[in-house]
Amino acid sequence: MKKDREAQLCLFSALLAFLPFASLLNGNSKYMVLVPSQLYTETPEKICLHLYHLNETVTVTASLISQRGTRKLFDELVVDKDLFHCVSFTIPRLPSSEEEESLDINIEGAKHKFSERRVVLVKNKESVVFVQTDKPMYKPGQSVKFRVVSMDKNLHPLNELFPLAYIEDPKMNRIMQWQDVKTENGLKQLSFSLSAEPIQGPYKIVILKQSGVKEEHSFTVMEFVLPRFGVDVKVPNAISVYDEIINVTACATYTYGKPVPGHVKISLCHGNPTFSSETKSGCKEEDSRLDNNGCSTQEVNITEFQLKENYLKMHQAFHVNATVTEEGTGSEFSGSGRIEVERTRNKFLFLKADSHFRHGIPFFVKVRLVDIKGDPIPNEQVLIKARDAGYTNATTTDQHGLAKFSIDTNGISDYSLNIKVYHKEESSCIHSSCTAERHAEAHHTAYAVYSLSKSYIYLDTEAGVLPCNQIHTVQAHFILKGQVLGVLQQIVFHYLVMAQGSILQTGNHTHQVEPGESQVQGNFALEIPVEFSMVPVAKMLIYTILPDGEVIADSVKFQVEKCLRNKVHLSFSPSQSLPASQTHMRVTASPQSLCGLRAVDQSVLLQKPEAELSPSLIYDLPGMQDSNFIASSNDPFEDEDYCLMYQPIAREKDVYRYVRETGLMAFTNLKIKLPTYCNTDYDMVPLAVPAVALDSSTDRGMYESLPVVAVKSPLPQEPPRKDPPPKDPVIETIRNYFPETWIWDLVTVNSSGVTELEMTVPDTITEWKAGALCLSNDTGLGLSSVASFQAFQPFFVELTMPYSVIRGEAFTLKATVLNYLPTSLPMAVLLEASPDFTAVPVENNQDSYCLGANGRHTSSWLVTPKSLGNVNFSVSAEARQSPGPCGSEVATVPETGRKDTVVKVLIVEPEGIKKEHTFSSLLCASDAELSETLSLLLPPTVVKDSARAHFSVMGDILSSAIKNTQNLIQMPYGCGEQNMVLFAPNIYVLKYLNETQQLTEKIKSKALGYLRAGYQRELNYKHKDGSYSAFGDHNGQGQGNTWLTAFVLKSFAQARAFIFIDESHITDAFTWLSKQQKDSGCFRSSGSLLNNAMKGGVDDEITLSAYITMALLESSLPDTDPVVSKALSCLESSWENIEQGGNGSFVYTKALMAYAFALAGNQEKRNEILKSLDKEAIKEDNSIHWERPQKPTKSEGYLYTPQASSAEVEMSAYVVLARLTAQPAPSPEDLALSMGTIKWLTKQQNSYGGFSSTQDTVVALDALSKYGAATFSKSQKTPSVTVQSSGSFSQKFQVDKSNRLLLQQVSLPYIPGNYTVSVSGEGCVYAQTTLRYNVPLEKQQPAFALKVQTVPLTCNNPKGQNSFQISLEISYMGSRPASNMVIADVKMLSGFIPLKPTVKKLERLGHVSRTEVTTNNVLLYLDQVTNQTLSFSFIIQQDIPVKNLQPAIVKVYDYYETDEVAFAEYSSPCSSDDQNV
């Protein structure tokens, strides 16, 4: 009753709504104007006019109305007879990317006028832009290469200008940017280098369009080792709840295609599809050995998981993981698979079943019956039941598993058609808890199409995906009813085809009608040309207008093949070759195409698979997506009144909805909408459901695009060569080039559409995946399929040896030869003799043997190095002809690749502790010769043969630093302050060489690269509040450091002149610093001061404030800035207090203040402080420097005067900077006094151009560069330098303009020995002698108490041979309350490596800020050390056995007071035992 009452109410509403139309549509003109709901600028659009039953001449106009005014789309159109006509128009580009405008349609005659205004969306046609990187994942320090591709919607190249392109790291820091990037022929290639320690995680490349739209591309940065092999897990896609066994196959294959020997562990876990730890209900594990094909198949019994019982409780699935452990190396890699659990053993897929039916037109159903694997099931009975139509039927599936039905819809009285398809028989299970076996069944519900006269048209299409450039035939079925048909002689059906939001095709079909018929039924075929412009989706609307004004229509969506007009092919000839050989690459494409080439090691893609660049990916780009626009207001058809809140009884589909789904809007006075105002939610129409799952899609084409069967087709094989290749001579392969990206290049194909390149194959034995992306002005984009190239040798040799040994130790060198040929090989293995080592074969006759097919063999030598330094080991494996058989086979050798040679370097180090002394002098000669003597002495305990020395000459004061800007100090760079020593000196070098006009492109490129890398690294240490600290924010728990933030601020501000620095980093740092300023103008300290020299002045606050003021002024802030002005007031007050308190204990603070006042232009205060400092200067040997009165005392017994400490170098350099910053220029007196300090500073330089630590290096190089620029002379002076011994050695160097920056060097032969250095001619030279040697570890009075033990202590435990624990105890015993930051450097025993996880755990301790692990040592960064003992321990394990193990050294030192150092040594618990080598 309720249903009938509601239906009557809706029908009554409909009748009322239609009363006004009755008089209008009897004899009056009928209009329908179809327009895309979304219009694009600068491209031809169409508006289609349909004027029917026209009884007067009318004028048609169309206008777009916006805030900028009214624009006519076309000239007035005068029509005097029935017409269907489409008019083209073009809209000019909008100032914004899109806007809603009003489209006004007017059709006006003498008697009648039709006018309607609707809202349309007008959009600028955006370019299609994407980014391609050379690979999806990068390691720290690698170069990221990428190309920007720009096309129009037709995929033709654009020369587009992008205002900005930039890189964002995981913290959204902009680390690199390019401005005004322009594509040429649609392509632009860019690159940038990652720092050695970047933030790891996802990065973004962002391309900003002129419209403001951003296109993004992601890549990953992380530390990783490329997988040598991949693991493929083969499992069924699905099983049924009735299955008891799952077959799991795991196969491991090297990247060069050969099977992996080893073991596999298979884990099968049951749970719901999320597989979180909470939803796993159980796992089973199986272990097995891989067979000769690298595979293992396991039958896993799954009855314990009770699938039938659990099916109703949760959606079940299995996750399978297989971990393969490679034999010999222990390397592990994994693969995984997933298995769905289904209720039945087979299921139905609906391939055809429309969402709506039409009374009087057959309803077509096509299903495919598939098994649990998705394979079709032929010759099986399929039954169908449609109770609403009184229809039942049965048929048998064909060879493709298909069953077809046609349901008569004449007898359907309801608004819905419910269909049930089942296999064999209907399920007897009524309740959901039934566990009896079920057969496949599926349900589908279709709803009626609305027509007042019960007239319909239906488009029937078979194809799933339409191929390009072909004719597609669409069958149209129609039935027309009603009295109005009696007056018709013919009826015309009109159709439109839409794609990419525009009307592409229109046409019509005329059907003749016999007079007096009350029902007309028939069908006809329409042929639709499939054009490229229709890719990827086309929509077709067909309609006709009946005499009474009723419109009947249907629409259909076509999936069009994602084809590209530019046919690109890439191939290699040959497609398999030896490493380092030549191969021929051929690319074909449309003539004059610009092609981007790429070839990547398959191992990279195994590590991180990426979406392959394909037509599907291109057509899925945002710029290629098409969407319908539905106005939010001003749509007369959308303004529906509310009705009663009940579930609608009808889900009928009307013409209005067909029009809207096609992407059109209709301006009309015809009947196109369902005559009811009841609130019907069309978007919730339920559709057919394959098996049990509910599918709510409304797309008819969905059934055609369902994946049915995944069939792997065999790859095409290369045709066999007709002629055998000629025999090559023995080609020896020496492999040392192992890139991850082999090819990344742009090439242009010639007028014939071909380009050919000769390529050198890298040395990696792997499979390379290559592809080409080409753009043509004529045919647009083209993509090649992936081409494979296999770099492979029939056999090759691998060496196993330690990273380094100490002289006197012995180790076993192993050479393993792997044969991947199906035949045995007579093999000869040779270790090249050398005077640098002795080698004894472990086995007799091991240099010649028969290597079996697909086998491996290891030859070993007991090696004892004799020389120090880098020792080369060269091992060759050669397949040689043999007259006799090889095993049971005839001896054969390969045609190519018969010899493989591998060269590896071993570092042989002397015993004891390394010592280095540097003797530097700035020598300036005039007319007379200038000379000085130098005695190179050695302590009596020097390690034999460890002494070496060299003499260097440079014509420029910064030559050494310029050459070694990334190695200025031989110390770790693991914190935010130390990183800046890699950054700031490059600024001073660039400024200096620029000012002196000595800057070359090579030096500039190198310095800019270092600046960019340092900039990236420093952002690792930034906090969210804009500050910086030594080790970053530690997940938000760390505190920003005031001093370091000021240092970074000034460095970034100065670097802006050379590289991109995101201004926000400078602003953030300044804002944070300003918040640390007190009312007095001084700055409060935040975070720990790693360098205690900052505490050596009046107090922390004044010294710190002087440093920050200096940093702000060096950042180009004026002294009138409020923050700077207040800071200077703080310094002025502090200086007055220092003056009143007397001199003597504030040297460091005064040096900083003098420079700060000089920068501020306060010459008076600068001069006062310099005068005070002059009284405290230490003047000796024609040099001037300053020292702290309370500096740490140095140990006695030094053979040479030790290098000055960091603080002394800093303060002396600050005095130089203060003198050279005099306004308007330094006086001759300033330069003369500075010269004395510069002489002292140069004597403190180390052999790399740096000083003892980081801050002194930065400040001193700043002072040296400014002094060098102030005194630089372009005169043609050519001094010569001679170094000679007291014996026969003599070497002369000439210094002139051409080699001024060149570092000239010679080794000194006599140590110990006396040498004389003489300079003649005119000019200054920088001379430096470096002496290095080793001494045994001796007992001393160190600044640190250091105790090192091993656990176990002795070799009682057999495990002590392979791994043991190192335990350290450290405390400070120096003259200060606490040290600065301390480094503990633990060197590894030869053949041992640290267990990284046990080292990284130490970072959880409060006093360990950072750890660094390499093959040869472990570094621990300690904030500071007091007299309280700190304890640490970690585990090391044996990698390569070594005999006669020597002790390893542990060094603990103050980072800023490097003379405060302690040494200890440790040995393996079993070092006294005979090792198995």
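Glycine is treated like the rest: Cβ placed from N, Cα and C.
What Swiss-Prot annotates here:
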type	residues	note
DISULFID	C48-C86	disulfide bond
DISULFID	C251-C295	disulfide bond
DISULFID	C269-C283	disulfide bond
DISULFID	C468-C563	disulfide bond
DISULFID	C595-C774	disulfide bond
DISULFID	C643-C678	disulfide bond
DISULFID	C850-C886	disulfide bond
DISULFID	C924-C1324	disulfide bond
DISULFID	C1082-C1130	disulfide bond
DISULFID	C1355-C1470	disulfide bond
CARBOHYD	N55	N-linked glycosylation site
CARBOHYD	N247	N-linked glycosylation site
CARBOHYD	N301	N-linked glycosylation site
CARBOHYD	N321	N-linked glycosylation site
CARBOHYD	N393	N-linked glycosylation site
CARBOHYD	N508	N-linked glycosylation site
CARBOHYD	N750	N-linked glycosylation site
CARBOHYD	N777	N-linked glycosylation site
CARBOHYD	N872	N-linked glycosylation site
CARBOHYD	N1143	N-linked glycosylation site
CARBOHYD	N1314	N-linked glycosylation site
CARBOHYD	N1427	N-linked glycosylation site
REGION	601-750	region 'Bait region (approximate)'
SIGNAL	1-24	signal peptide
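Counted within 10 Å of its Cβ, the other Cβ atoms near C774 (disulfide bond) come to 33, all protein chains included. Checking the recorded positions (C48, N55, C251) against N1427 (N-linked glycosylation site) with a 10 Å Cα-Cα cut-off leaves nothing. Its own atom aside, the Cβ of C1324 (disulfide bond) has 18 Cβ atoms within 10 angstroms in the protein chains shown.
Here the candidates are the recorded positions N508, C774, N777, and by Cα distance the one nearest N301 (N-linked glycosylation site) turns out to be C774. Confidence over the region 'Bait region (approximate)' (601-750), given as mean pLDDT on the 0 to 100 scale, stands at 61. C1470 (disulfide bond) counts 22 other C-beta atoms within 10 Å of its own C-beta, drawing on all protein chains shown. Sequence-distant neighbours of C86 (disulfide bond) (same chain, 6+ residues apart, CB-CB distance under 8 A): K46, I47, C48, L49, I503, T506. Long-range C-beta contacts of N393 (N-linked glycosylation site), restricted to its own chain and to partners at least six residues apart, with a cutoff below 8 Å, comprise L383, I384, F405.
Following the DSSP three-state reduction, the secondary structure of C1130 (disulfide bond) is helix. Checking each of the recorded positions N55, C468, C886 against C1355 (disulfide bond) by C-alpha distance, the shortest gap belongs to C886.
Each of the disulfide-bonded residues C48, C924, C1082 was scored by the number of other CB atoms within 10 A of its CB, and the lowest score belongs to C924.
Between the listed disulfide-bonded residues, namely C269, C283, C295, the fewest other CB atoms within 10 angstroms of a CB are found at C283.
The glycosylation sites listed here are N301, N321, N777; among them, N321 has the most other Cβ atoms within 10 Å of its own Cβ. Annotated pair C269 (disulfide bond) and N321 (N-linked glycosylation site), C-alpha to C-alpha distance, rounded: 8 Å. Counting every protein chain shown, the number of other Cβ atoms lying within 10 Å of the Cβ of C563 (disulfide bond) is 15. For the pair formed by N872 (N-linked glycosylation site) and C850 (disulfide bond), distance between Cα atoms is given as 27 Å, rounded to the nearest Å. Of all the Cβ atoms in the protein chains shown, 18 others lie within 10 Å of the Cβ of C850 (disulfide bond). Mapped onto three states, the DSSP output places N301 (N-linked glycosylation site) in strand. When the neighbouring Cβ atoms lying within 10 Å are counted for each of the disulfide-bonded residues (C1130, C1355), the highest count belongs to C1130. Comparing C1324 (disulfide bond) with C1470 (disulfide bond), their Cα atoms are 58 Å apart once rounded.
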